[in-house]
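Listed features, source TrEMBL:
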- 102-137: repeat 'PPR' (REPEAT)
- 138-172: repeat 'PPR' (REPEAT)
């Protein structure tokens, strides 16, 4: 660091010496009214020209005080980030209004799957399809799926949905807690169900 500072100070002293040498070799000023203005203008022009020529790109890159257009440009990589592609796809491919269903239609889909004991498909409606359609879920739909998980004893999934419900800022009702207790009671892992019930 001390070497870098010494080099910078030396460079500035050399520049000042060059400028003073350039100023002495200037032709006499024809305008007698404002001789200092021209002298100042030419000295700054000479300083800028010599300073620009004197700074190498390597020094500019290593010097923390130098910034702007002097630093070498970093080429952009050809690698496209997967997250950028998903974000661009999300912003460009907006779903049609007719593609979005109402809350009642989503509830009917979930109830139909739960009636036929297809719990995974009911969960997919809540987690996948509503996300693709960009519909904000409501606590009624979460309660339906948590209740379906509770009837078959999927306590882990029921509690995951309960946590997602809280993350979305949805109101947790008494029916939600009842379904969670049912999930703890119907789970095949009795110790795990009892521990989760005690945490509620």
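Cβ coordinates are placed from backbone N, Cα and C, and glycine is handled just like the others.
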- request: For the repeat 'PPR' (138-172), could you work out the same-chain residues 6 or more beyond its ends whose Cβ comes under 8 Å from its Cβ atoms?
  value: 103, 106-107, 110-111, 113-114, 117, 119, 122-123, 126, 130, 179-180, 182-184, 186-189, 192-193, 196
Query: Mind checking which residues reach the repeat 'PPR' (102-137)? Cβ under 8 Å, same chain, six or more beyond either end.
result: 94-95, 144-145, 147-149, 151-152, 154, 157, 161, 168, 170
- prompt: How does the model score the repeat 'PPR' (102-137) in terms of mean pLDDT?
  reply: 91
- request: Could you give me the DSSP helix, strand and coil counts for the repeat 'PPR' (138-172)?
  value: 27 helix, 0 strand, 8 coil
Query: How do the residues of the repeat 'PPR' (102-137) split into helix, strand and coil according to DSSP?
result: 28 helix, 0 strand, 8 coil
